[in-house]
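Scroll down for the structure; my scribbles are underneath it.
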2 protein chains.
Amino acid sequence: MQNSSDTVDNPGWLDAIRWNADGLVPAIAQDAESGDILMMAWMNRESLRLTAEEGHAIYWSRSRGKLWRKGETSGHQQVIKDIRLDCDEDVILLKVEQKGGIACHTGRRSCFYRTLKDGEWTSVEPVLKDPDAIYGSN
Amino acid sequence: MQNSSDTVDNPGWLDAIRWNADGLVPAIAQDAESGDILMMAWMNRESLRLTAEEGHAIYWSRSRGKLWRKGETSGHQQVIKDIRLDCDEDVILLKVEQKGGIACHTGRRSCFYRTLKDGEWTSVEPVLKDPDAIYGSN
């Protein structure tokens, strides 16, 4: 829905979203081509607006309390192909092209690399690149 | 990781999860076959334990404050094929077989049926079954 109070910095489509008490919404990143779920992170109003404007995923880091420009250090940006909203207006789905083929800070393709097997969490996805080589070892 | 204090009602693999302040964790449901993301809901410790035990998705309804046995009314159960945990141990991914091919209470396959297009949220997925026919019109 478009809003008569639309401005560049505050487009009306952001008003459709039911932000939580902290002003955040979960955002799922899915590989647009393979359908693999890469990660889930959080967005505030500004990060979602910038994501739509700039065309790559920008999250809100709850631990650091600031914008998190995904791929800024690693080069593993997520190019936006589609932005979806769920029926309850409280979850965002991003369909993305994952640069470098690695979304996880552990060097794996997806953050969801552990499966529940015989009552234990078992890693089932390989490390594609050493995190030290991605982020530098300092 | 298995835990020496494992019991049937409190298996140790639940301890690996970083539950939020409300004792909940987001759970993404993905169609195991097509890769489509169906919905995101929340789970508490009991609902995740029961999901693993019973083999179909049981969420925690935040609005109703009780267990939500997905498909109990609609028949649209989600049969569990895989349970994944992310690198931060605070998001669950369920790969499921979606009974009836409908996850959304609006009668659509997926809850993520709106896309951001020209500054508006636009529905791009058809209603497969009238919600009144799913839940009864009373």
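Backbone N, Cα and C atoms are what each Cβ position is placed from, and that goes for glycine too.
TrEMBL entries are annotated by machine, without manual review.
The domain 'Phosphoribosyl-AMP cyclohydrolase' annotation in TrEMBL covers B:39-113. Annotation source TrEMBL lists Mg(2+) binding site at B:ASP86, B:ASP88, B:ASP90. The Zn(2+) binding site annotation in TrEMBL covers B:CYS87, B:CYS104, B:CYS111.
What TrEMBL annotates, mapped onto the structure for a quick look.
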{"residue": "B:ASP86", "record": "Mg(2+) binding site", "DSSP (3 states)": "coil"}
{"residue": "B:CYS104", "record": "Zn(2+) binding site", "DSSP (3 states)": "coil"}
{"residue": "B:CYS111", "record": "Zn(2+) binding site", "DSSP (3 states)": "coil"}
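Each of the binding-site residues B:CYS87, B:CYS104, B:CYS111 was scored by how many other Cβ atoms lie within 10 Å of its Cβ, and the smallest score goes to B:CYS87. With a 10 A radius on its CB, B:ASP86 (Mg(2+) binding site) counts 23 other CB atoms from all the protein chains.
Note: the CA-CA distance between B:ASP86 (Mg(2+) binding site) and B:CYS111 (Zn(2+) binding site) rounds to 22 Å. Within its own chain, B:ASP90 (Mg(2+) binding site) has B:ILE17, B:ARG18, B:ASN20, B:VAL25, B:PRO26 as residues 6 or more apart in sequence whose C-beta sits under 8 angstroms from its own. Distance noted between the C-alpha atoms of B:CYS111 (Zn(2+) binding site) and B:ASP88 (Mg(2+) binding site) is 25 Å. B:CYS104 (Zn(2+) binding site) sits 28 Å from B:ASP88 (Mg(2+) binding site), counting Cα to Cα. Confidence for the domain 'Phosphoribosyl-AMP cyclohydrolase' (B:39-113), expressed as mean pLDDT, is 97. In sequence order, B:ARG18 make up the list of same-chain residues 6 or more apart from B:ASP88 (Mg(2+) binding site) whose Cβ falls under 8 Å from its Cβ.
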